[in-house]
Amino acid sequence: MAIKKRNKIRLPSGSPEEVGIDGSAHKPMQQIKPLVSNDSEDDDNDICVLQPIKFKKVPKRDITFDGEQAIKEDNSHYEDLYHSKKNTNASTRNKDDLLILNMEDLMEGNHHLLSDSSEAGSSSEGEHISSIPTRGEIAKLKAQKSLSRRKISESDVTTERDYVKLLDSEDKREIMETIRLNGGLKRNNEKEITNFSDDEMQGFQDEMLALTDNQIAIQKDSKRKIIEKAINEVPYRTNEEWETQLLSKGNINKSNEKIITPLPVLFPDDDESGNSIERINEMVSKICLQRKKVEMRLQALEKTKIDLEKSKASLINKLIGN
């Protein structure tokens with residue numbers, strides 16, 4: 001890095017008044033000569049070379065408080081956690097020391113391989129081989145398996161529990177997923193539907209979704225007609241004779257119910273004239289009383305009919321709303 005000097009500008013030494021009197025301000029300014037030379041030798045001498053920074057190692061100081069002594073940490077217990085390279089090299093085994101055993105070979109009389117390998121191996125290898133089952137243990141395991149197979153064969157019926165015991169967690173998860181997609185588990189109170197054809201399902205298909213107000217009104221009217229048709233088809237009006245008999249009493253059911261037939265003129269005798277009039281009056285009063293009773297019953301029936309029609313309309317509206 002070359003450092004160059006700046007050019008200095010020399011100002012006139014005289015006062016500004018003298019400069020104005022002498023008229024030096026009107027003189028042309030001379031060019032200022034540079035004071036620094038452009039020689040390459042001077043530039044090389046002016047280059048400053050930065051020295052590398054060096055840091056000194058300072059020992060770590062242990063900070064101790066008043067009345068306390070510095071305690072050195074014992075890191076010996078960490079050595080047990082990490083094995084050295086010497087220990088790892090000693091623990092490694094050669095590929096020739098490994099021995100592959102077959103259960104059938106052991107049963108056929110090749111058990112002498114175990115003894116040879118145990119004699120040739122180290123103490124650690126001997127511990128590993130000692131965990132291999134003996135001939136008696138192998139025979140015992142085979143006997144237990146044969147007993148379990150015999151129990152299954154005696155039943156001749158494989159239950160779902162026996163099948164599930166052979167499955168792992170992934171198979172069980174897949175089975176539960178397929179059950180969930182097919183409608184879930186079947187309850188005991190559900191009825192079994194067999195031979196259910198597609199033609200029978202046509203009545204249960206969903207209708208087109210009504211989006212506009214006009215479509216909603218048309219759908220409600222169609223539902224109302226279907227419900228009213230189903231209600232009218234119910235044969236609950238089987239015993240209507242009592243109603244006709246009730247209306248026929250007192251000439252209420254006839255067209256000329258307000259017209260009373262005139263009675264014939266009787267020629268009363270001297271003795272029986274009073275008794276006959278009283279009988280006629282009693283009969284007329286009984287008929288009028290009976291007629292009033294029938295009219296009251298008819299009014300009550302009409303009132304109940306109106307209430308039933310109102311409840312029917314409200315029930316239809318609820319069914320359409322749902």
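Glycine residues also receive a Cβ, built from the backbone N, Cα and C atoms like all the rest.
Just one residue in SER13, SER40, SER124, SER276 has phosphoserine written against it in Swiss-Prot, and it is SER40. Per Swiss-Prot, the stretch carrying the note region 'Disordered' among 1-30, 211-240, 241-270 is 1-30. Swiss-Prot gives the label phosphoserine to one of SER37, SER76, SER197, namely SER197.
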